[in-house]
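J.: Can you keep this structure in mind? I'll have questions shortly.
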Amino acid sequence: MTKEFEFLKAELNSMKENHTWQDIKQLESMQGPSVTVNHQKVIQLSSNNYLGFTSHPRLINAAQEAVQQYGAGTGSVRTIAGTFTMHQELEKKLAAFKKTEAALVFQSGFTTNQGVLSSILSKEDIVISDELNHASIIDGIRLTKADKKVYQHVNMSDLERVLRKSMNYRMRLIVTDGVFSMDGNIAPLPDIVELAEKYDAFVMVDDAHASGVLGENGRGTVNHFGLDGRVHIQVGTLSKAIGVLGGYAAGSKVLIDYLRHKGRPFLFSTSHPPAVTAACMEAIDVLLEEPEHMERLWENTAYFKAMLVKMGLTLTKSETPILPILIGDEGVAKQFSDQLLSRGVFAQSIVFPTVAKGKARIRTIITAEHTKDELDQALDVIEKTAKELQLL
């Protein structure tokens, strides 16, 4: 037993040497613009809590009331005895919100992509994926028997090349993130849809980082570009801007009926507890009734980005509240993040394998809840630390 998992130890040691080992920070407070880490109050620049909904009073009240009325859990999978009225109400709300015929809720955004891709694709099909798509899309594709082609990131000429060479399939499915989580750029969805229609292909968009952020009342990239009704599959999370937990697929009634019968994560996982489901429903209502959250998000994003650019730091070509500061070296990125934390700013380094080797970064994410004072404090600390590390 002394040699058990020695091969894993060797890899872990290698990760530490190459600065790709991750120390998981523990929060000791509610998620928000400031949080407590290691008994220290710090400005939070690493969460996906874009609109501050994790602590919105309406969501908290909805969750508490649901627990009192329906209990802590559901006790079953959806297809046996775990579908409460509220689960179907949430799906109706999501379908209306995304302007589709129907929707289906999964346990997470990750399992949504796994469930959708693994169930609708066969060996007669081909899936065509952007090279920087999320890991859940990549893993979902691995679960299928379909052929796979990867096109260069947001390169429409390369996408068209792949489409031209893949004419002899039952279905060709183009899959893209709506917003790319590590760079913050938005997929050129109008061009993708135009090519799909030209070559008779299907389109699937993962709006994990766009729902609640882009489009009318946060409906996502499809709505942002005025493409409602022209994208076959929309997927996303209920855990980022929505502020709770889960994932969903939205599309035609035929698609959703099929996923309800074939989507394995949906079929074999216990349904969401009442508190989660009720809070998700309330979040959609808040998006529709309180547009000021999105307005503040974009005001804060514009200000923070302008200050980082003025400072002279190298950013990605972000178009969203995801504002990564490019570092390159993994060790320097980790050092930058650690020093920021010691000075009261929680901004995690992103290193391999989340991004390619040599492309480490500090990924800052701005939220609607940040005050100008908090943003200014964070900017001062970032500038001071960057100068010390000779990044400015």
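Backbone N, Cα and C define each Cβ position, glycine as well.
Below are the features listed in Swiss-Prot for this protein:
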BINDING   Gly109, Phe110, Ser181, Asp206, Asp207, Ala208, His209, Thr237, Leu238, Ser239, Lys240  pyridoxal 5'-phosphate binding site
BINDING   His134, Thr354  substrate binding site
MOD_RES   Lys240  N6-(pyridoxal phosphate)lysine
J.: Please identify which of Ser181, Thr354 has the densest Cβ environment, defined as other Cβ atoms within 10 Å, among these binding-site residues.
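T.: Top count of Cβ atoms within 10 Å goes to Ser181.
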J.: For the pyridoxal 5'-phosphate site given as Gly109, Phe110, Ser181, Asp206, Asp207, Ala208, His209, Thr237, Leu238, Ser239, Lys240, which other residues of the same chain have their Cβ within 8 Å of the site's Cβ centre?
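T.: These residues sit around the pyridoxal 5'-phosphate site: Asn48, His134, Ser211, Gly236, Gly247.
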J.: Let's check the environment of Lys240 (pyridoxal 5'-phosphate binding site): how many other CB atoms sit within 10 Å of its CB?
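T.: Counting Cβ neighbours of Lys240 (pyridoxal 5'-phosphate binding site) within 10 Å gives 25.
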J.: What Cα-Cα separation, expressed in whole Å, is found between His134 (substrate binding site) and His209 (pyridoxal 5'-phosphate binding site)?
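T.: The separation of the Cα atoms works out to 11 Å.
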J.: Measuring Cα to Cα, tell me the gap between Thr354 (substrate binding site) and Gly109 (pyridoxal 5'-phosphate binding site) in whole angstrom.
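T.: Taking the Cα atoms only, Thr354 (substrate binding site) lies 17 Å from Gly109 (pyridoxal 5'-phosphate binding site).
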J.: Just jot down the residues in the same chain as Asp207 (pyridoxal 5'-phosphate binding site), at least 6 apart in sequence, with C-beta under 8 A of its C-beta; none if empty.
T.: Gly178, Val179, Gly220, Thr221, Val222, Gln234, Val235, Gly236
J.: Write out the long-range same-chain contacts of Gly109 (pyridoxal 5'-phosphate binding site), meaning residues 6 or more apart in sequence whose Cβ is under 8 Å from its Cβ.
T.: Ser136, Asp206, Ala208, Val235, Gly236, Thr237, Leu238, Ser239, Gly246, Gly247
J.: What does DSSP call Ser181 (pyridoxal 5'-phosphate binding site) in the simple three-state scheme?
T.: coil
J.: Should Gly109 (pyridoxal 5'-phosphate binding site) be counted as helix, strand, or coil on the basis of DSSP?
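T.: Assignment for Gly109 (pyridoxal 5'-phosphate binding site) reads helix.
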J.: Taking the Cβ of His209 (pyridoxal 5'-phosphate binding site) as the reference point, list residues of the same chain whose Cβ is under 8 angstroms away and which are at least six residues distant in sequence.
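T.: Those within reach of His209 (pyridoxal 5'-phosphate binding site), by Cβ under 8 Å and sequence separation of 6 or more, are Asn48, Asp177, Gly178, Val179, Phe180, Ser181, Lys240, Thr320, Ile322.
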J.: By a simple count of other Cβ atoms within 10 Å, which of His134, Leu238, the binding-site residues in the record, is least packed?
T.: His134
